[in-house]
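Under the heading transmembrane segment, TrEMBL lists B:48-72, B:84-102, B:129-148, B:169-192, B:212-232, B:239-260.
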Amino acid sequence: MRAMSSPRSGFGSGFRFLFEPGFFSSGPVHAALLTGTVVALVSGAVGVFTVLRGQSFAGHSLADLGTLGGSGAFLFGVGPLWGFIAAGVAVGGAMDLASTRRRASRGVATGIVLGAVQGVSALLLYLDTTSGSTTGVTVTVLFGSLFAVSGYTATATLAFALLGLASLAVCYRPLLLDSVSTDLAAARGVRVRLLGLAFMVVMGITVALSSLIVGTILSPALLIGPAATALRLTQSPLAAMGTAAALGALATGLGVLLAYDSYHWKPVGNGWPVSLFVIALLFTAYLLSGLRRPRAGTGPAPATATTEAA
Amino acid sequence: MFAPFMQDTWITAGIVAVIAALVGFFVVLRAAAFTAHAVPNAAFAGAAGAGLVGVSSLVGLGVFSLGGALLIGLLSRKGRHDAVTALTVALMLGLGALFLSWSTEYAPEIYSLLFGEVLGLSSQDVTTTAILGFACVAVLACVYRPLMLSSTLPEVAEARGIRQVRIDLLFLTLVALATTTAVPVVGALLMFTLMIGPPAAARALTRHPAPALTLGVLLALATVWIAIAASYQTDWPIGFFVGVISAAWYLLARAAAAVFRR
Amino acid sequence: MSAPVISPMSLPAPGPAPDGPARPVLEVEQVSIRLGGRQILDRVGFTLRAGEFTGLIGSNGAGKTTLLRIVLGLRGADGGSVRVGGKPLTRRARGVGYVPQKIQIEHDAPLRARDLVALGLDGERLGPRLPSRDRRDAVARMLEAVDATRFADARVGTLSGGEQQRVLIAHALIARPRLLVMDEPLANLDLRAGQEIVELTSRVAREQGVAVLLSAHDINPLLPVMDKVVYLAEGRAVHGRTDQVVRSEVLSELYRHPISVLRVDGRILVVAGATVRAEAFDAGERDVRADTAARPAGLPEVHAG
């Protein structure tokens with residue numbers, strides 16, 4: 001991007017300008033790229049079902065609620081990983097249990113849980129700030145940094161990411177069936193409530209992981225953005241999941257690259273937030289995918305398909 | 001707690017509660033909880049950015065909440081509403097993170113922007129809040145009937161020539177206005193709790209609009225006033241009390257409704 | 001095959017032969033349910049035999065969907081029993097294919113018609129599925145059987161109502177059920193598409209020897225293919241051949257209210273009211289004819305009640 005606007009010309013200098021010297025030899029960058037890519041892959045796959053099931057709000061809320069895990073972990077001095085994971089699983093379960101079958105009231109139930117837990121996070125953050133000397137906790141927890149991944153966290157992240165993918169593979173067919181019609185799935189013997197709960201837990205783990213690695217702002221964007229874009233580009237479920245995972249990983253990689261470059265950008269020479277770059281890339285991809293005319297079905301556009309939303 | 005310097009706090013919070021409950025009634029009716037959550041988050045970015053360009057944070061709040069709301073409204077005409085909302089929030093928060101990284105504000109100030117700062121508002125804030133609140137109520141009074149019709153019977157509203165798109169944008173503008181009013185007081189993160197908790201509790205108890213509106217307003221007032229008193233006593237953040245009390249109303253109302261239906 | 005997949009080829013051959021035509025596929029006995037203080041179903045009972053096409057007829061709110069949901073095991077009843085293939089209902093209604101009235105899929109869902117039919121084989125199973133030629137062929141044959149090959153690779157959400165019904169029928173039938181339950185398949189279709197769906201269902205069901213239980217509020221589109229009718233009103237049901245059930249005295253007894261059944265141009269009109277006077281009938285018939293010409297739909301049936 002920046003290379004294009006550069007007054008310098010020639011491929012070699014442009015390349016060197018795009019990839020700042022030292023980009024590939026930096027240890028933190030390696031860890032960030034690896035964990036970021038893994039998280040993006042899982043988020044993309046889980047995200048397709050999140051968007052299909054109309055649970056973007058829940059996905060977003062789970063990320064916000066990672067705040068609870070983060071602030072709680074700071075307060076009690078446990079590793080943030082476990083705080084995030086525990087909060088993700090607990091809150092995902094609570095949201096599923098509080099919700100009803102109607103989509104309309106589901107949003108309200110999600111919102112109520114989100115509000116209550118954010119209130120508690122506010123308290124925990126307040127206690128963090130007053131009890132310790134760490135005044136920057138709020139900012140760290142809310143806006144997390146990709147460049148602070150330790151070796152242990154990276155390993156645990158990989159393990160949890162594999163767990164998330166495996167769970168998704170197990171539930172894959174019933175989830176698809178449920179996305180067509182809950183009654184149809186139930187009539188075939190799928191325990192739809194249990195399935196919903198299981199999916200919320202998988203989503204909770206995924207979002208918690210990515211909140212920890214890439215921050216609570218970026219994690220819902222990684223969940224929803226690539227998936228929403230992929231739904232506009234693909235025809236079959238596996239293609240959608242693959243495309244979403246690839247898009248997420250690509251945007252993360254590019255974002256880390258740009259952020260690394262931005263250390264030399266104005267106005268402050270300490271780097272722009274990675275999350276902003278990744279989100280901007282995802283948002284652009286979503287907008288661009290909207291320009292593509294959807295492949296028309298053979299029949300006339302169904303009146304029933306569009307009325308469901310709102 | 002009832003010292004003169006606290007008087008403004010009680011009044012400001014009261015105005016905010018009324019506005020939140022009135023707009024919140026339609027938020028719950030239109031199942032737009034996510035929107036109500038998204039707009040204040042966008043507003044936060046605006047407040048963070050306002051300091052950088054040297055304008056008042058109220059301007060930043062207004063511009064970004066309106067911008068975020070309209071972006072959601074326009075994009076969701078061609079995509080899934082909830083996915084678009086999620087992406088817009090993320091973009092806004094990403095901008096917020098950028099502005100924060102540039103600004104030199106201290107963490108406690110950011111904290112109060114996120115979680116609210118009721119104690120110690122200046123009298124100028126009361127006037128501003130009152131004016132904004134009045135504007136909100138005035139707009140709501142003007143569009144009450146078409147908004148009501150399109151929220152409950154969209155097809156009938158469409159048949160009567162009420163354009164759904166316009167109503168959507170109008171509703172989003174209302175949410176943005178209410179957000180601008182309330183965020184400086186209750187904070188960006190808890191604003192929406194006040195907007196959905198009390199109205200949702202009221203709606204669980206009664207389906208008729210007038211009692212639901214009244215009950216929602218009363219519950220919202222109770223929420224903020226109890227929260228202020230508790231926050232004053234404990235020194236804990238007001239957002240904690242607002243979030244927990246709002247959720248408590250909702251749970252109580254659902255439980256009561258379930259008992260009565262037996 | 002390495003994965004524990006039931007190949008459609010290994011399932012028992014279709015057709016009425018194994019069970020014999022007399023063996024009941026579905027036995028509903030004394031099913032009752034009260035909802036919100038109202039008796040929705042009151043000791044409803046009927047039996048379906050292999051290969052029979054049965055229409056479940058009743059006006060809106062007569063309890064058709066509730067009854068179908070009980071048959072599918074989606075909800076319990078206050079009393080009575082449902083047996084499928086001689087066995088009591090379990091959570092998974094084995095041997096029952098289901099075509100729901102509405103699906104919630106949106107136009108951007110990345111699910112092709114082909115994928116939905118494949119889910120009919122084993123969509124409820126956990127774990128990944130290995131692709132296989134047998135499965136692909138079975139899906140292709142099923143799509144062919146319902147004339148859906150043309151749009152096999154289009155997303156389900158972009159198909160028209162009639163096309164979606166075809167795909168759903170294929171989805172339901174590919175697992176070779178003994179009973180196909182369809183909830184108001186004609187409700188959202190125009191008349192021609194509705195007629196096509198009825199004929200298709202009847203044809204494919206007969207080929208496979210599947211009993212069909214199809215709910216509708218209008219009996220007329222089903223008349224050419226229907227073997228039996230279950231008429232639902234006031235929470236009660238009468239069951240039998242169409243000409244036995246759809247008669248003034250039978251329906252009057254069912255509704256506990258005078259009902260007249262008129263046959264006009266091969267259509268059946270069910271109207272409230274006792275004896276229709278001759279001149280009124282004649283006038284009515286002329287009106288009906290005029291109306292039928294103007295609206296091929298025929299008059300909507302009128303229910304007491």
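A Cβ is built for glycine as well, from the same backbone N, Cα and C atoms used for every other residue.
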Does the transmembrane segment (B:239-260) make contact with the transmembrane segment (B:169-192) through 3 or more Cβ pairs under 8 Å, each pair 6 or more apart in sequence?
yes
With the cut-off at Cβ under 8 Å and a gap of six or more residues from its ends, the chain residues touching the transmembrane segment (B:48-72) are 35, 38-42, 81, 84-85, 88-89, 92, 95-96, 99-100, 102-103, 105, 110, 113, 128, 169, 172-173, 175-176, 179-180, 183-184
Counting only residues 6 or more past its boundaries, what in the same chain has a CB within less than 8 Å of a CB in the transmembrane segment (B:212-232)?
1, 6, 9-10, 13-14, 16-18, 20-22, 24-25, 118-119, 186, 194, 197-199, 201-203, 205-206, 238, 240-242, 245-246, 249
Any residues 6+ beyond the ends of the transmembrane segment (B:129-148) with a Cβ under 8 Å from its own?
11-12, 15-16, 18-19, 22-23, 26, 29, 157, 162, 167, 170-171, 173-174, 177-178, 180-181, 184-185, 209
